[in-house]
Amino acid sequence: MLFFDSVALALSASMTLTACATVFKWKSVRKHATHSTMFMVFLSLGLWSLSTLVRIVLIYTGIDPGPPKPPIGPPPPGFTPPPPPLGVKVILYTTLVTDMFFNATSLWCILATYEFQRWVWRPRLVHERKTLRWYHLFVQACCVAQVVAVTTVDVLWVPPPPPAIRPLGVAGGSPPGLGGPGKLPPPPAQLLMENIFWTIFCVRWVAVLYPVVLGIVLACSPKARGLNRTQSVHVFVLLLVALNVPYLVVEPLFDFGILNKTEMLLLYSVSKFATYCSGVGMVNLLGLYLVDFDVLYVVKDPPLMPSPSAFLVFESNSYYSPATLVHPRR
């Protein structure tokens, strides 16, 4: 599945970023919250696909993500533990960037759904740019807090020596000459990222269920009868569920040992492959229902009242009097 995952991520990244550059109108993105939040969904999804592809390439091209192997037996005099291999840091921070964009995509999806809900029931008429600034501040604050927390914990952590070179009487140490090193605990940064991941996982569940609930309410509401071309909304909800729910359901079952990943590797791989195809599915949906997108998400600016034109008045007091330009009172 490595080849198919790479192809899916490459297509998702290229298609979503191309859609951001060609389909969305920058004037509407800057002025209207509905258009801007949907633009950020595609942008975050494209950056997540690209960072995930880079992470897969780094893992499967020879970078060692594991801890260094401790020496066997008593250490020689003056021995200092070697630093962790470069691959540990590379994979750690690449995963951090990937999780950051994954969470940003979920947050922007929630905000885009909320803006669509407001557009249907209570359209926003003023202060849209102020609202957009608050949206960007909130999402970027979450991303920066995640990066700063993990980076700070990783920088301040001092790795312990391998168990084989610890003195006797220290927990986890081994008697010299026996060569029975114990297993080192994971670094605190890795544990913190694991806890943050499950928080991000819950946010993605909200990002998937919120559009589902809104789609059901919209389908049952009389307000939907006044909307034109809402078929794309229903298809979008179905696509969102089909591409995300399998992975959201399967991932905890494997991580908590309920299912065996070795025995059911195909199920796990297919669920992740569906998530990697999210960008491809959303861009194709955008292309099929581009007219619906323009109707639903492009808010037309109110027409400006034309100012009355000026007129010329000729004074008859003198033959040589020039024409006078007169503006009407406003």
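Glycine residues also receive a Cβ, built from the backbone N, Cα and C atoms like all the rest.
According to TrEMBL, the protein carries these features:
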type	residues	note
TRANSMEM	6-26	transmembrane segment
TRANSMEM	38-63	transmembrane segment
TRANSMEM	90-114	transmembrane segment
TRANSMEM	134-158	transmembrane segment
TRANSMEM	196-220	transmembrane segment
TRANSMEM	232-250	transmembrane segment
TRANSMEM	270-291	transmembrane segment
Please work out whether the transmembrane segment (90-114) lies in contact with the transmembrane segment (196-220), by counting C-beta pairs under 8 angstroms that are 6 or more apart in sequence and asking whether there are at least 3.
-> yes
For the transmembrane segment (232-250), could you work out the same-chain residues 6 or more beyond its ends whose Cβ comes under 8 Å from its Cβ atoms?
-> 116, 201, 204-205, 208, 211-212, 215, 218-219, 259, 267-268, 270-272, 274-275, 277-278, 281-282, 285, 288-289, 292-293, 296
Look at every Cβ pair spanning the transmembrane segment (270-291) and the transmembrane segment (38-63), keep those 6 or more apart in sequence, and say whether at least 3 of them are under 8 Å.
-> yes
